[in-house]
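Trainee: So Swiss-Prot lists these for the protein:
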- C35-C100: disulfide bond (DISULFID)
- C16: N-palmitoyl cysteine (LIPID)
- C16: S-diacylglycerol cysteine (LIPID)
- 1-15: signal peptide (SIGNAL)
- S69: site 'Directly involved in lysozyme active site inhibition' (SITE)
- K83: site 'Directly involved in lysozyme active site inhibition' (SITE)
Amino acid sequence: MKKLLVVLLPTLLAGCSYYDAMVERMNTDTLEYRCDEKPLTVSLNKQREQVSFVLDDKMLHLNQGRAASGTRYTDGIYAFWSKGDEATVYHRDNIVLNHCQLQNPKR
């Protein structure tokens, strides 16, 4: 019985890991923006209410916050604000990426 458990337990744990990764991918959209001729790839995790993207060789993970209009994500230093097919990225309230237009939006 112990030998069977030793063999099956890693398989069961691997299956759980695979399931978690699959659910994570299902809840994540990849959004491609063009910001003043610069590309910006944003991963939107709907379950975590979080966006992730690379800016200046740094991976940023921003959590959804309050917004009067549109959707805003922030970590207290950086902010990603989007409304419709447009977005803006801020660093300490200064615009660092502007005129970001969503490419090939889903309708």
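Cβ atoms are placed via backbone N, Cα and C, with glycine included.
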Trainee: Just to verify a number: CA distance, S69 (site 'Directly involved in lysozyme active site inhibition') to K83 (site 'Directly involved in lysozyme active site inhibition'), in angstrom, no decimals.
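Mentor: On Cα coordinates alone, these residues lie 7 Å apart.
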Trainee: If you count the C-beta atoms lying within 10 Å of each candidate's C-beta, which of the disulfide-bonded residues C35, C100 ends up with the smallest number?
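Mentor: Comparing Cβ neighbour counts within 10 Å for the disulfide-bonded residues C35, C100 gives C35.
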Trainee: Around the C-beta of S69 (site 'Directly involved in lysozyme active site inhibition'), how many further C-beta atoms are within 10 angstroms, looking at every protein chain?
Mentor: 7
Trainee: Would you mind pulling the DSSP three-state label for C100 (disulfide bond)?
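Mentor: Reduced to three states, the DSSP call for C100 (disulfide bond) is strand.
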